[in-house]
Amino acid sequence: MNPAHLLVLSAVCVSLLGASSIPPQPLNLLQFNYMIQCTIPGSRPFLDYMDYGCYCGTGVAGHPVDELDRCCQTHDLCYSKAEEQPKCSSLLNSPLMKKYSYTCSGGTLTCNDDNDECGAFICNCDRAARICFAGAPYNKENKELDIATRCQ
């Protein structure tokens, strides 16, 4: 075999082995992003809500700093309840991974009847959070808080 071909083949194999250790992307968070965009046109959920307050994004500590942060806390609690459901306990059915179906028309979101028990539960968590987000003011001063001092 040509040494150049062998080098390319080796690089491809190493790349594939490396890619196999990359965890799957959270599919549900992408759906949740679309849900929010559907009901809050012009929003940028990943940018706007990631690292907001004490509960939006990866934070889960302390007291919510405002109404929007309380929405995220409630959403986190709903996901925790979903994980306690037997049908949602596996990795593929976890709240961050489980895909579900929904429709959005004129800003109204409906979780579809074809969802299984776990999908329906998670869809309703996301739907309730989306409704909460739509009614909560966004305070720029609560974006990228110093969690160590503000979220005790």
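Each Cβ is built from the backbone N, Cα and C atoms, and glycine gets one as well.
Annotation source Swiss-Prot lists active site at HIS75, ASP126. The feature Ca(2+) binding site is assigned by Swiss-Prot to TYR55, GLY57, GLY59, ASP76. Per Swiss-Prot, disulfide bond is recorded for CYS38-CYS104, CYS54-CYS151, CYS56-CYS72, CYS71-CYS132, CYS78-CYS125, CYS88-CYS118, CYS111-CYS123, and the stated evidence type is similarity to another entry. Annotation comment: Swiss-Prot describes 1-21 as signal peptide.
Those same-chain residues not listed among TYR55, GLY57, GLY59, ASP76 yet with C-beta within 8 angstroms of the centroid of the Ca(2+) site C-beta atoms are GLY53, CYS54, CYS56, THR58, VAL60, ASP69, CYS72, GLN73. Listed in sequence order, the recorded positions near CYS78 (disulfide bond) (C-alpha within 10 Å of its C-alpha) are ASP126, out of TYR55, GLY59, CYS88, ASP126, CYS132, CYS151. Among the recorded positions GLY57, GLY59, CYS132, the residue whose Cα lies closest in space to that of CYS123 (disulfide bond) is CYS132. Neighbour density for CYS88 (disulfide bond): within 10 A of its CB lie 22 other CB atoms from the protein chains shown. Every protein chain shown contributes to the tally, and the Cβ of ASP76 (Ca(2+) binding site) ends up with 17 other Cβ atoms within 10 Å.
Considering only the recorded positions CYS38, TYR55, GLY57, HIS75, CYS151, the residue whose Cα is spatially closest to the Cα of CYS118 (disulfide bond) is HIS75. Rounded to a whole number, the C-alpha distance linking CYS72 (disulfide bond) with TYR55 (Ca(2+) binding site) is 5 angstrom. Counted over every protein chain shown, other Cβ atoms within 10 Å are most numerous around CYS56 among the disulfide-bonded residues CYS56, CYS104, CYS111, CYS125, CYS132. Around TYR55 (Ca(2+) binding site), taking its Cβ as the centre, 25 other Cβ atoms fall within 10 Å, counting all chains.
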